[in-house]
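Per Swiss-Prot, the feature GTP binding site maps to 13-19, 41-43, 306, 332-334, 415-417. The Mg(2+) binding site annotation in Swiss-Prot covers 14, 41. The annotation IMP binding site is assigned in Swiss-Prot to 14, 15, 16, 17, 39, 40, 41, 42, 130, 144, 225, 240, 304. Look at Swiss-Prot and you will find 14 tagged as active site, proton acceptor. The active site, proton donor annotation in Swiss-Prot covers 42. Annotation source Swiss-Prot lists substrate binding site at 300, 301, 302, 303, 304, 305, 306, citing sequence analysis.
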């Protein structure tokens, strides 16, 4: 039996993590976010009602679950308050269910201004960030000048620290990026207005998780973005600013790494990517348009159209290695319904003619790569809403089996629609 279960994306994000986390939290006592910020977009559909969460863990909708934002998350007070209000307006008692680490770095207005100014300065070489200040906030953390939730316990000292760091960043904004300075007093007033709310939710997360482990409580760790966007293992520099891999659980929450029992990798039945960066299987034809339309591939956070392509098994195998995956959850299988044939990328042909079965690390090394495909029959029958494996078309079952063979990882959960109920749990991670 696994008490501590990690759910993370195996591709470039947008794999459908939010629904699966919400489904599995039926048995969990705690749900923990351990990296990223409000650049995530987790969509839940429960009894036909759609909820999009960006910062708050997906367990917040359940009254028997405590949601935790760990130290690895960069926290925007403004974004948190907006998200809390939206949920509280629907009668969800967020403040009774949400806890924060005092070590969470804060995202403030100057981080957003820097993010936007830098992307503008990059021009055609823009990374494609969400413009929400995530990268600059992590940068401040590593430079040891960042302000954290815990700093709000001493408001006078916080004000002094804020003034110092804003002088530094405003100098950059005005003199290097030729942008407007950010107003110190407004930033201070805005954060002080919510300081007591934030500090009122602070808890020692590492100790809480250790006590939960000793009691045998079930804990779900909710990843944001995807493995191929990891700051170290992703398609650098077209990556996010945090560790999206399973290793980020320990550093971003304070749980000892030996205590992770099961790692569930969410894998979409095809590939998508938002923003710039390598994407060997990207489709620019009618099939690519079909996948986008059928899969409603528009970002929950930015609204941007996602790039679409065939499932890249080579890239997913890298995710298997890095995360030591225990099992997969396959999502959006129904999007492939109606295609005469489906393809899996099983290797890459390099510019010099070599054939390889592993991914490069640096983005430049992806230049000129051609996907090597294995083609399989498609299926005309619908898989949407199917709730038993026996109800799937044989061609869909063959597709699932081939993914398992190529990755050497079992598919333990199959999602056939956006609602909680449209899911087949073949092996429950908490029972594995």
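Using the three backbone atoms N, Cα and C, a Cβ is placed for every residue, glycine included.
Just so it is clear, the model here is predicted, and its values are computed rather than measured.
Across the structure, residue 225 (IMP binding site) and residue 13 (GTP binding site) are spaced 4 Å apart at their Cα atoms. Residue pair residue 130 (IMP binding site) / residue 43 (GTP binding site) shows a Cα separation of 17 Å.
For residue 306 (substrate binding site), the same-chain residues lying six or more positions away in sequence with a CB closer than 8 A to its CB are 14, 272, 273, 274, 292, 297, 298, 299.
With a 10 A radius on its CB, residue 303 (substrate binding site) counts 8 other CB atoms from all the protein chains.
When other Cβ atoms within 10 Å of the Cβ of residue 14 (Mg(2+) binding site) are tallied across all protein chains shown, the result is 28. Comment: IMP site residues 14, 15, 16, 17, 39, 40, 41, 42, 130, 144, 225, 240, 304; largest CA to CA distance 34 Å, whole number. Residue 13 (GTP binding site) and residue 41 (Mg(2+) binding site) have their C-alpha atoms 9 Å apart, to the nearest angstrom.
With respect to residue 416 (GTP binding site), the closest of these recorded positions in Cα terms is 42, chosen from 39, 41, 42, 304. According to its DSSP assignment, residue 304 (IMP binding site) is coil. Taken residue by residue with DSSP, residue 333 (GTP binding site) is part of a helix. Cβ neighbour density within 10 Å is lowest for 304 among the recorded positions 42, 304. Reported as a whole number, the C-alpha separation between residue 305 (substrate binding site) and the residue listed as 'active site, proton donor' equals 16 Å.
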